[in-house]
Amino acid sequence: MSEAATGLIDTRVRVAVDTPQHSGLTGPLDYLSERALAPGSLVRVPLGKRELLGIVWPGESEQDTDAALLRPILGILDGLPPLSANWCALVEFAAQYYQRTVGELALSVLPPQLRELEPSQLQLRLKRVAKWAAEQGQRSQEESESKPELSEAQAAVLAELDTLLQAPETPPPVLLYGVTGSGKTEVYLRAAEHALAAGKQVLVLVPEINLTPQLEARFAARFAGVATVSLHSGLTPAQRLRNWLAAHLGEARLVLGTRLAVFASLPQLGLVVVDEEHDPSYKQQDGARYSARDLAVYRARLEKVPVILGSATPSLESWQRAEEGKYKRLALPQRIGGGALPRVRLFDMKTLPVKKGVMTALTTPLLEALRRRLERGEQSLVFLNRRGYAPVLHCGECNWKSDCPHCSAWRVFHKGDRTLRCHHCGFTERVPSACPSCGNMDIAPLGRGTERLEEQLAEALPGARVARIDADSTKNKGELEAQLAAVHAGEVDILVGTQMITKGHDFRRITFVAAVNPDGALFSSDFRAPERLFALLMQAAGRAGRDAEQAARSEMWVQTWHPEHALYKSLTTHDYEAFAAQQLAERESAGLPPYAHLALVRAEARSVEAAKAFLDAAAAWAKQLPDARQGVLIYPPVPMAVARVANVERMQMLVESSSRGALQRLLWQWLPELGALKREHRGLMRWAVDVDPLAI
Ligand SMILES: Nc1ncnc2c1ncn2[C@@H]1O[C@H](COP(=O)(O)OP(=O)(O)OP(=O)(O)O)[C@@H](O)[C@H]1O
Ligand SMILES: [Zn+2]
């Protein structure tokens, strides 16, 4: 030890650490080590007065700094194989593309517990993982469920996949475009089976935690004896570390997870699947605002493995790439067993007799339709994308409304626990018994959310078993599983819920789906709102008639004031392709993604003026960069849709270019300056950049 210490202490290593943003340190830092360390090794290093976890980063250290100024590393997490070069390359790309530092991103995607682990604790964890893997292996393959016979379309898709896999070059990303209920999951299972049999690890991404149990069960049933782990934010820190280690050590062969799983360490990765690839949840909304779908594609290319993006309503970005031939499109145009998609009926709200006051969502014809299903013993699903009892409470005397004192938003009335709750900042109070402004006792809810809809349905249809699934009804662990199980078991007649119930679930008994108030998104200022609405309604429709025997009489009911709208016309014919073509044409003529590339620079401050002053100054600085600004347009700052949250004013500035490269070049030169600029703007609290933002 002492010999090595004297002889080799000056071996330089580059280490990625999570340096605080204000430190101005952006790249990996140089340290001294007693011995050369493989890139990807985990080490403990000093930074200021602290001791941090770091990753030995690939690449050359800066030889010109004086070795006497460098500090030695403090320890090595022995027994842990290094992170692969591909993993480091993925993180490096993501950090660059989304404008973060490598160290920050790398450390933020590792399980948090890894940071505090003593070497002795690590040894213990490693032993436990080995034991867990041995137990998993004991279930015999024979316990696996039998495989269904493939439909013709599934077989054709798999044959094409096979050809792609056998070609010598890296396969292009595959866009699996399959209508709802067409058996996309079976394709994932078969593709996974191939990869597993070839000794590879498989990564499957799903958009939301609430879809993981169902998928986990399907994979577990098919692959008994194959060590499987999940990775998502609902795990305890200990579970997350264990699962991450299992994947990193190659013990877990199958990894299922939400967006953060795209960064799982998978030394033998052989296949990536992104289910419901259009889903907005794949975009991280704070910190490094990455798109897990896009990174999955990047990672697959890096590792030279196939990636399957599956959806009934692909994102327009992916669809466009398939149209250009950059992605290989494989289609499953029919439902399994020949079941039809539900007939879509647009109900024109204008045909209702005009009455004073709030319109009811439960129109007489809708109640009739629900009653018919009840009589036949069939299930219905009623979809409303707004939770709570009513979005606002209102006083008819003085016009008081339940606004949030801290946000530019209403507080939502939750009847169950008699609270007024702000869905933006969380500010919660008990419902006042009289108007806080004039004392009038008669304050009334305006509009409706799922809670009220549930109540009204139960009143209007006595005897019907009505259940509600939304973020409020599923707060506690196990509630969602229990509620879904009740639906599957036929213990529910009418299921009310938010978009949570429209995605992915393989409900077998539902023959009727109603969207009671979907118009809101038609006229939104966000150019992606129609795309999201269309996908949501197609997904919702997709929950009906999944059992081929009932498919013929399955129906979707859409209550709208705008039945003539092109979006609804495409919905009635289940014509995603027509909708996509129309939207893409609009986007092209308006110069919007995927024909242009966007970034948002956001600022948060105590006052509107401070936020605006910072963004104005930032824009002025960028205008001095003639080279970088080539072909890049910077728009004036505007308030965000919800301008004030928790007493913070939020503004944003759109940056646009038809060239991804030009946009990236500008951001690279520009953003490092904003740190210095922030110091000159005292009122500014935070700024951030969102590359490829989803919501504008
Ligand atoms: N080849 C097959 N033979 C019999 N049943 C099948 C076959 N393939 C899939 N299924 C069944 O068909 C149903 C629908 O399949 P799946 O849930 O995979 O559809 P999907 O395309 O993922 O739909 P969604 O987009 O709505 O999630 C499932 O119950 C599945 O078990
Ligand atoms: Zn609030």
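Each residue, glycine too, has its Cβ placed from N, Cα and C.
Remember, it's a predicted structure, so these values are computed and weren't measured experimentally.
According to TrEMBL, the feature Zn(2+) 1 binding site maps to C395, C398, C435, C438. Summarising the annotation, TrEMBL assigns Zn(2+) 2 binding site to C404, C407, C422, C425. Summarising the annotation, TrEMBL assigns domain 'Helicase ATP-binding' to 165-332.
Positions of the features from TrEMBL, shown on the structure.
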residue : record                : Cβ within 10 Å
C395    : Zn(2+) 1 binding site : 21
C398    : Zn(2+) 1 binding site : 14
C404    : Zn(2+) 2 binding site : 24
C407    : Zn(2+) 2 binding site : 21
C422    : Zn(2+) 2 binding site : 21
C425    : Zn(2+) 2 binding site : 19
C435    : Zn(2+) 1 binding site : 20
C438    : Zn(2+) 1 binding site : 12
- binding-site residues close to ligand 2 - of C395, C398, C404, C407, C422, C438, only those whose C-beta is under 6 Å away: C404, C407, C422
- Tell me, roughly as an integer, the mean pLDDT over the domain 'Helicase ATP-binding' (165-332). 94
- C422 (Zn(2+) 2 binding site) versus binding-site residues C395, C398, C438 - nearest by Cα: C395
- Just give me the nearest neighbour of C404 (Zn(2+) 2 binding site) among the binding-site residues C395, C398, C438, Cα to Cα. C395
- C438 (Zn(2+) 1 binding site) to C425 (Zn(2+) 2 binding site), Cα to Cα, whole Å, comes out at 26
- Note on the structure: Rounded Cα distance in angstrom between C435 (Zn(2+) 1 binding site) and C407 (Zn(2+) 2 binding site) is 20
- What kind of secondary structure is C395 (Zn(2+) 1 binding site) part of, going by DSSP in three states? strand
- Message: Same chain, not part of C395, C398, C435, C438: whose C-beta falls within 8 angstroms of the C-beta centre of the Zn(2+) 1 site? Give them in sequence order.
- Response: G396, E397, N399, W400, P436, S437, G439, N440, I443
